[in-house]
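As recorded in TrEMBL:
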type	residues	note
TRANSMEM	21-42	transmembrane segment
TRANSMEM	81-98	transmembrane segment
TRANSMEM	110-128	transmembrane segment
TRANSMEM	148-167	transmembrane segment
TRANSMEM	258-278	transmembrane segment
TRANSMEM	299-320	transmembrane segment
TRANSMEM	332-351	transmembrane segment
TRANSMEM	429-446	transmembrane segment
TRANSMEM	467-489	transmembrane segment
Amino acid sequence: MNTSKNNSNNKSRLKQKQNKVELLVLVLYAIGFYTFCIRRSLHLSRDHFSKLRGLRDGWLFSPPRLNDVSDAQWRNFRSNLPILSLVFGIFTLLANICRKLFHLRARGMSILWLWLSLIYISYLHGACKLSPSKGSIPSTLMFAQAKYFVFLLWIFNLVFLFCNRIYEGYPFSKFGEQWKYLDNFRGTFRWHICFNFVVLRMISFGYDYHWAHRDSRFDKEKHIQKCHVCKSGKNCYQIPQERNVHINDYAFTMYLSYLVYAPLYIAGPIMSFSSFVSQLDVPQNHYSIVEVTWYGLRWVFGLCLMELMTHLFYFNAFAVSASWKVLSPMDIFIIGYGVINFMWLKFFLIWRYFRFWSLIAGIEAPENMPKCVNNCHNLESFWKSWHASFNKWIVRYLYIPLGGSQRKLLNIWVIFTFVAVWHDLEWKLLSWAWLTCLFFVPELLVKSATNAFQAKGALEGFIFCELRAAGGAITITCLMVANLVGYVIGPSGFSWLISQFHSKEGLCVLGFMLLTFYVGTKSISSVHDPLIRLPAA
């Protein structure tokens, strides 16, 4: 008996030692990979900067390097940071003082935030704040208990969305020459771009109002038992979202305040109407003052990292200048990988900035970037962590009403098509959506097959881990291709991209990519997610 036990312990120690050695090799490879990518990116930026568009005089280093501000979204956000911070600082200070002094609850806070938000959008949109779609309460609400309510709600809002895009915000000149002069006062930000988020809020309001006429299926007690946040005496985001608010809270002022709530108006994160009204009534207690302050300091660190990145590496400038077409396959891979990391950090900073001010105002919205882009090794985890509040919105208002996991393979085509047209009416975005679905279907099929699998021995466990890492490598490569087609090269550049990797050099680079992503998947699995559970010896 003792001999058997000693053998088991020896095998366990040997296995642990092997795992440590494997992890060390993986880490050393990762260090080598990032060292190579950083050096090569510096050389590419230095050698090609004269051919790139969107570079401006920078302020880092001596002499100052050029700064990559070729991304219009990042450039506008960065240049408006001082005025945005001043405005939100004043707004949140006023809101918190008024809440304390006058003991305001949901109705009073909605009126206060409505007035503050109208001042804000008057600066953003000028005369366009009078747009009829901005303040129109959906006429479909009169059919809240009708059988075809959901269909009417979607048709109503999708028609609004498409018309706003097609007619580019309805120039006043289209309504008559006497209104043409108002086109000179359209503000600093196109209102029909922000309307994409307004559409999501209108749909949320409609669904929540529809569900308010029914009994809630949310089991609060069961949720509290499982949620570590709620166990600590605080309320997580799911509590105010799932709890049906009183039917009297579906008032016109509440609705308008929700549509134009200033901290989240431009870019989100997206939250449900129920959650918004609940937190207007009782401010969030998930984050303490110290935690909100630390959240803001982490954002400042992220901003410093972005400034360093855009001064050293001109990834996005390569993309917008189409200069990657003259590069080797290896350099194309490095630029493509850099563009995805730039996009992640850009959205991380934009979304967290607005969420930070909302937290100060006492309203918690879902975190949009809970996980680093390099920490995702399959499509499902990637889309749960990229624009996560939109993912939660889709699950709540689209995926589950369509049938949820029972029709998963069909639902993803509807969902990603909606996501594409919601962003913009462009073929490259539809190409991105359908490519993503094409890559998603095999992953879902393989996952459903492996969920029932349990390793019965060390060899089977080893094979399963290796196949999982190989699958992760293929998935990440497909994800890169889909995002490059959707946001950089477009569908017309897809065939060119494939042709670059058909050459001898291209195939070697493809092998290097797959090996790198294989190592990345193995590293993530080893540290965070050991899925294989072997039976005890």
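Cβ atoms here come from the backbone N, Cα and C positions, even for glycine.
Owing to the predicted nature of the structure, the values given are computational and were not obtained by experimental measurement.
Within the same chain, residues 87-88, 91-92, 106, 110, 113-114, 116-118, 120-121, 124, 134-135, 189, 194, 197-198, 200-202, 204-205, 208-209, 237, 239-245, 249, 350-351, 354-355, 357-358, 361, 363, 365-368, 388-390, 392-393, 396 sit at least 6 positions outside the transmembrane segment (258-278) and bring their C-beta atoms closer than 8 Å to a C-beta of that stretch.
Using the rule of three or more Cβ pairs under 8 Å, pairs at least 6 apart in sequence, the transmembrane segment (429-446) is in contact with the transmembrane segment (467-489). Between the transmembrane segment (81-98) and the stretches 21-42, 110-128, 299-320, 332-351, 467-489, Cβ pairs under 8 Å are most numerous for 110-128.
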